[in-house]
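Take a look at the structure below.
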């Protein structure tokens, strides 16, 4: 496909984006808004943002959800801006500095919350800054400006949603159904690989791909949930399927690891059975029926616990999969599965990374303030706004540097494009609403195509062009003002990029160590006799951490294997029949405290000391298990865990 080619699948969204822009423009001028530009800009960003993220037309519900987050972020930012202005109106410089800190604080929060919800906090940060900067000439108009800004943004969001509904957004349901079938086949093929006990790298690639696909399916579930309330039953089933899919991965990998030391546990009966190739979900269904008969014939005692657990999870997966595809009423058997264990939320391992983002945003905003005050440039305020926008939105993404470059390219492209609209098109179309709408629809259409291709600078060009062309009421054409605005955007993006380069983010290794120690803590916390604690479902949270580890350290197989081993240890110890007595219970609490100290230790020396203490406590614990005559189902996984921690203690303690 050529650089300027237009694919058929890109046309519908391009028309949708053009419609959203035209609707916002028409409504803005019809209701005599002072700056319809904000409504048009909001409609464009809300519609184009999900398309840029998806690399194509977004699924149904994505635009509505993004609009909802934008409304929340705008209202939080407006309220924060009003509070700051009321409290510090007599000290303008302090007021702006507090706003810079507020923007940094919002970026810090957005780095810790779920990525899909972080948009609202990033927006809240720079909205307050926009209000404080804009009202500098006339502070008494602050409430009016805040109300107008909220109104214009709500109008833009409504227009984007109307355009989305008008062009019948595509549903993600069929993709979910296909992925459920394909994922089950892949799970069976992983178990075949693990029972064959072949090349470790092939197995690593297979389970790594399944972790990514299961995480992607969870993302699809979120999209389906946003799409319509009629998928509520499917959403409940998919949430349980996520845990079942992770359970299947865990049991398969444990089957592989067991054969490293005790290959005789997997009998020839099961090896021959899993030799049969499968291609479709129907093949898997037939094999599972046969496998259940084999287990009934051999007996539970003669079946390896990992295979028995795998078959049980695969059977439940199949049952819920049929319910998702048909979206029928949840029956009693399904309800029993869905009333599973409560999921545990873990503390973010990226706190240091979030603090780096706080300083990047705060320092870049303060730098913009100093630049504005030192130069006295009329568009210094515009540069400050762009600094806040770039840093607030870039920090929450995996590669902030590339986001800043995208904004720089976009603002550079917006200069000639905006010049064409400012000098030629808008002056010749302002007398006709129809011609004005057509001219902006053409802009939205072609940039909408480029946004779907994820062309570098396309998203920034769309927002920056709309921001600098004259869409005020009434329209005034001052070339110096246009040039100042365009140059202010470019300077702001360059300053933000400079701060991102100067304030290095060296938190990657620390985050990796914290993640690995959290896996250790989870494995240790599984050693408990507390019934409520044993029923807690840690699996989704553990695999979420594993997915983060895979993204932070792509290709680092030793780290992935260590993390997976800790997850397997957690699952095995969680189900182990640990003797119930006060002596062991007290020691469980002591080991959990020590594991927490390992995670929270701020220096390598303290971390090594606490980790050494944890290893000593594990030795004492194994002795206590022998005294209390614990069965092999308890002593063996504890011994394996202690051995793993001894082997990898340097990787788990050194920065």
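Backbone N, Cα and C atoms are what each Cβ position is placed from, and that goes for glycine too.
It should be emphasised that the depicted structure is a prediction, and the values quoted were computed from it without experimental measurement.
Swiss-Prot tags one of the stretches 482-502, 503-523, 524-544 as transmembrane segment, and that stretch is 482-502. If you check Swiss-Prot, you'll see residue 66 and residue 354 are listed on the same side of the membrane. The list of residues near the transmembrane segment (431-451) in space but at least 6 beyond its ends in sequence, with Cβ under 8 angstroms from a Cβ of it, reads 6, 10-11, 13-22, 25-26, 29, 40, 44, 48, 51-52, 417, 421, 425, 458-459, 461-462, 465.
Looking only at the topological domain 'Periplasmic' (1-12), the predicted model's pLDDT averages out at 67. Taking Cβ pairs closer than 8 Å, the transmembrane segment (370-390) reaches residues 93, 103, 125-126, 129-130, 133-134, 136, 361, 364, 403-404, 407, 411, 481, 484-485, 487-489, 491-493, 495-497, 499 in its own chain, all 6 or more past its ends. Between the transmembrane segment (121-141) and the transmembrane segment (407-427), the number of CB pairs under 8 angstroms, six or more residues apart, is fewer than three, so the stretches are not in contact. Residues 9-10, 12-13, 16-17, 20-21, 23-25, 27-28, 66-67, 70, 119, 149, 152-153, 155-157, 159-160, 163-164, 169-170, 440, 444, 447-448, 451-454, 458-459, 462-463, 466-467, 471 of the same chain lie 6 or more positions beyond the ends of the transmembrane segment (38-58) yet place their CB under 8 Å from a CB of it. Segment contact holds for the transmembrane segment (407-427) and the transmembrane segment (482-502), given three or more CB pairs below 8 angstroms at sequence separation of 6 or more. Secondary structure of the topological domain 'Cytoplasmic' (391-406) per DSSP (helix as H, G, I; strand as E, B; remaining residues coil): 11 helix, 0 strand, 5 coil. Look at the topological domain 'Cytoplasmic' (452-458): DSSP puts its residues at 2 helix, 0 strand, 5 coil.
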